[in-house]
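Data first, discussion second: the structure below is written as structure tokens.
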Amino acid sequence: MNSIRQIERLNEQELDKPFSSSWHQDYSDSAYIYIGNLDFDLNEDDILCVFSEFGEPVDINLVRDKETGKSKGFAFLKYEDQRSTVLAVDNMTNVKLLDRLVRVDHVASYKVPQKEKEPANLVPLGESGSSLSVSTINTSNLPDHDYKTIIQNEVEQTLSPKDEKDLLDPMRDYIHREKRRKLKHESSDRSDKSDSNRHSRHHRRHSRSRRHRDLDG
């Protein structure tokens with residue numbers, strides 16, 4: 001119980017902090033998060049139970065295989081308060097759920113491909129009496145590892161096959177950040193190695209110079 005209260009206090013403090021200079025600010029216009037590497041046995045209710053700790057979910061989309069209906073291991077969830085996405089990303093990334101380390105990240109834009117004129121399904125929220133709008137994503141053309149799709153200003157719209165080709169990759173920004181971080185790290189390593197080599201060459205020149213002076217003397 002004490003640990004739960006401590007988490008709640010930390011979450012409240014985090015929400016009260018200004019994050020204009022934080023990387024989270026880049027996603028201040030989107031209340032959606034991407035949740036990846038989910039166990040295939042988890043369903044919408046399981047995900048809501050875990051992520052409702054950080055705010056009130058108002059939309060969830062657990063992507064399923066079109067033919068089998070089985071989970072493909074990733075989902076998109078929208079919070080009522082955009083600031084809840086910051087808490088979810090900071091607190092749930094690399095947290096183990098059923099022996100899997102889940103990946104959680106912001107989603108910059110999200111288009112929802114639907115079959116033409118197909119109504120959205122509704123998933124009950126249990127005892128709350130309200131419901132979540134769940135859009136059906138057409139996954140027939142997407143491999144399991146391909147995370148194409150996602151929202152654009154929280155709209156549910158019908159997309160033609162041509163439109164689906166223009167879907168944004170929800171992991172694009174995350175991948176770019178990781179690449180920049182890796183390149184920066186490699187650049188730092190090369191710089192340190194270069195400094196070390198220069199120091200070594202200087203030391204060898206200095207040693208040779210001393211030996212020459214000793215011989216001359």
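Cβ atoms here come from the backbone N, Cα and C positions, even for glycine.
Features of the protein shown, as given by Swiss-Prot:
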COMPBIAS  128-138  compositional bias 'Polar residues'
DOMAIN    31-109  domain 'RRM'
MOD_RES   SER160  phosphoserine
REGION    119-138  region 'Disordered'
REGION    154-217  region 'Disordered'
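Taking H, G and I as helix, E and B as strand and the rest as coil, DSSP gives the domain 'RRM' (31-109) the counts 21 helix, 30 strand, 28 coil. Mean pLDDT across the domain 'RRM' (31-109) comes to 93 in this model.
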